[in-house]
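Supplied in structure tokens, the structure appears directly below.
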Ligand SMILES: *Cc1c(COP(=O)(O)O)cnc(C)c1O
């Protein structure tokens, strides 16, 4: 086991000279924000996915907030999501005053289990927020079927899954609205940034309003004069800047290369761990093509995850744990959610360990990580 000379993070951005160049060009342009780069970036994302509309936000969390606003979620509504996700997937419901309902995960894919969703539906259920955890799409056909039956809106949290596919269809084309995040650990980055894609005209209009104070130019504006605008909803300033959009445009050109490398890394891990009985490698469904945002292993019950985590970190290997079940957090505990609510998620959490995966990881890095891992557990 060799201690690395510098910390190797579980995920990070891959930035090229072209990316830097694009941002600098925008700095020299007349617009730092509300300029042409935003619409260019939105169009490029929409074209890449094959959807009608894309609305960029200052981060993925704001984008989810916008989607919940567009979906009309309010205080009397319940929204179903998974506990194995980043808190933002649930918090966005709380921003609108809605109630979060957690449905347990599938034990092998770690994604929300449609059978568990079905059990949680009440007359108050308004929407479902499935998360494509690790980059593997949730079971969207089954989820959409439930949504159709109960007249629910589906907001897919695709923070991990830009470019991923489900039964030959790209994530972004599978739900009423889909969110992508451009945080530096995510598939492509704009530093902070997020986007909602949709084919729905009404959602598109509401998303645009919401990210810019609820202000619009109205058909009456000519009566008043050209300065006139109206604030018709209580929106926010959730806009992306042109600097971010310029970086995003440049990054998007490399998405397929990034995804290819992530897949390669996952395959190397899978092969090296194949014959290690103490490690369960992540199961991929045949008809999904994961974005491999995270490489999650599960450790045998006999192994102390806490100990392995500590020793790996001492070697400068940035292992992590994704995620603490959302309702375990004190904020949700204070709202009355009890531990034990989703036993499969909790069992997963106790044994889960995240290993580094990002496009700039070298094969030597991976072999080093695996050999440290295997000597620590044997
Ligand atoms: C990163 C992430 C978000 C939030 O995105 P930000 O851009 O960081 O606000 C939401 N959901 C999931 C699953 C994420 O991983």
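Quick reminder: no glycine exception, Cβ is built from N, Cα and C everywhere.
So TrEMBL has the following annotated:
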ACT_SITE  186  active site, proton acceptor
MOD_RES   186  N6-(pyridoxal phosphate)lysine
Which number gives the other C-beta atoms within 10 angstroms of the C-beta of the residue listed as 'active site, proton acceptor', all protein chains shown included?
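For the residue listed as 'active site, proton acceptor', the count of other Cβ atoms within 10 Å is 23.
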Work out the three-state DSSP category of the residue listed as 'active site, proton acceptor'.
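Note: the residue listed as 'active site, proton acceptor' is coil by DSSP, not helix or strand.
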